[in-house]
């Protein structure tokens, strides 16, 4: 393989990986704070695409207004899901909450089909993002470069928020121990709501860029990205934000490269993610960046 | 903790894989007929089942066919003095769901015959069921030979993939002057895999070069990123890329090819003819060429005229080929019921099997011993955001 071709593969892999990373952060944050795998996250991602779609096509807002609105609505939706599906079960066993998460996921998928219809729709084409440019011998869409930059900027913003602000401190406290955090005067419910809001905002940003890159949306589209980003979060060490981003990159670049170097395996691309998950769980269940925590009884 | 977590996650993984299997949700919006409880045994109503993908990846295709069947039902609502009722169920673009949708039609709705389904995979999934229950079934646009093979109860009103593959290979060789071709196929779709194989055979025969197919690359239904497959294929510099597959994925494939600076022409099969292909593909799919069943530019039979007039009046647009086939499947079954003279599934089956010279909207139907018609193919191209008629290829 020529170096140019390799670069072309690599840029595609990085941009796909960045998309995975953005969505994986949402999984990892919720897991970190609630020890809950938020299965509805993929559907929240899907909803963000429809919000953006309808903003542009139905209310004919300029795309940037529509995208901002979509991000706000998605954040509200994420918080609503937490309020309706998870908060009432705060003291229930974890498995109950997980069933509720799966329920929320199916509910939103079906709601999507009822409201939006089952036929796929074309996501609005924003030429500022999707125009094709040529750098040397590598041809790519502007988006391919924008996506990783956005992801990295958001990652640093988020790390700052979690490590340097009061809200972040509250999040870290809640993730360690709900009861003690409450005793220390942390509003646990508010902190959890904020976490869901932030996760959903990232899912919406990821969603909008996803839609611009793969301009086709339908109500069942949240499933596969949802699963893959969950895997990305586990690979990186679920609960760890930097880990989720690293996991996303590994998954995205890996998926692209496995086809580049083993063309016979193209049909098994999705399997790559799952095989990787099994390998990680067998050899390093806490993931790449995961810390060892002793289970409290 | 470690162990507990990993066991939990493996369980989840298995569970989520299960979910992918039936990715389409449980409460799809059902058409009105669907909401009725167990069908009352009504002597004056004949029920014909329709199972089509109305949600999921293939939803647009299924919807187009249902349009045709419904239109035919409106034009010819009665047979033997009884009212015909269409019972439409959604197979959610999923093979497992397709089988249960058909089981429901047979067991709950007591249908005498079935129409469907868009997508050979779903039709094949239902094959054993309709044979074992002896319910004659007519596929509108399922082109894979396996659908009707060794199944006395499955028929179809469209041509088959060996023919379609050859037509497109001929077009690539003669029309485009291509001497090498790459293939990108939807590997989880029996239709695409079959069609790709027939294209490959025909193209190799035409060129006389065993290496004329330079690269075959696969993707799965629902995939959205095809960049690496495209780079693999374009790296071998084929003259043309044959990309049989679902309309949404195919549109994305072509669009991403153009975004990667690949300007090799794309050709494909009948599944491309849905409005979504153009909506999603946009400018990128301009010039894409595919074979299909029917063109509304030329009324082939008297039935075509009836169909075209009624369709244009009701929908105010030009019908897709599969809509005409959904229409044909209905009128073929209705005609067979009339000839049978009574509502008996086995008699209806025998009458369908005897069909010769039947005038459908998409051309005359003569069924052979497998239940397959021999029909001409139409080649269309995307031009200025519309499907434009190029040529008609007679069966050889």
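Using N, Cα and C of the backbone, Cβ positions are placed for all residues, glycine too.
Annotated features, as they stand in TrEMBL:
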- A:6-27: transmembrane segment (TRANSMEM)
- A:39-57: transmembrane segment (TRANSMEM)
- A:63-85: transmembrane segment (TRANSMEM)
- A:97-118: transmembrane segment (TRANSMEM)
- A:138-162: transmembrane segment (TRANSMEM)
- A:192-210: transmembrane segment (TRANSMEM)
- A:230-259: transmembrane segment (TRANSMEM)
- A:271-290: transmembrane segment (TRANSMEM)
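Here the transmembrane segment (A:97-118) has long-range neighbours at 34, 36-40, 42-44, 46-47, 50, 81, 84-86, 89, 218-220, 222-223, 226, meaning same-chain residues at least 6 beyond its ends whose C-beta is under 8 angstroms from one of its own. When each of the listed stretches A:6-27, A:39-57, A:138-162, A:192-210 is scored by C-beta pairs under 8 angstroms to the transmembrane segment (A:230-259), A:6-27 comes out highest.
Of the ranges A:6-27, A:63-85, A:271-290, the one with the most Cβ pairs under 8 Å to the transmembrane segment (A:192-210) is A:63-85.
Non-local neighbours of the transmembrane segment (A:6-27) in the same chain are 37-38, 41-42, 44-45, 78, 136-140, 143-145, 147-148, 150-152, 154-155, 158, 199-200, 202-203, 205-207, 209-210, 213, 225-226, 228-230, 232-233, 236, 238, 241, 244-257, 260; each lies 6+ residues outside the stretch with a CB under 8 Å from one of its CB atoms.
Sequence-distant contacts of the transmembrane segment (A:63-85) (same chain, at least 6 residues past either end, Cβ-Cβ under 8 Å): 26, 40, 44, 47-49, 51-52, 55-56, 100-101, 103-104, 108, 124, 126, 192-193, 196-201, 203-205, 207-208.
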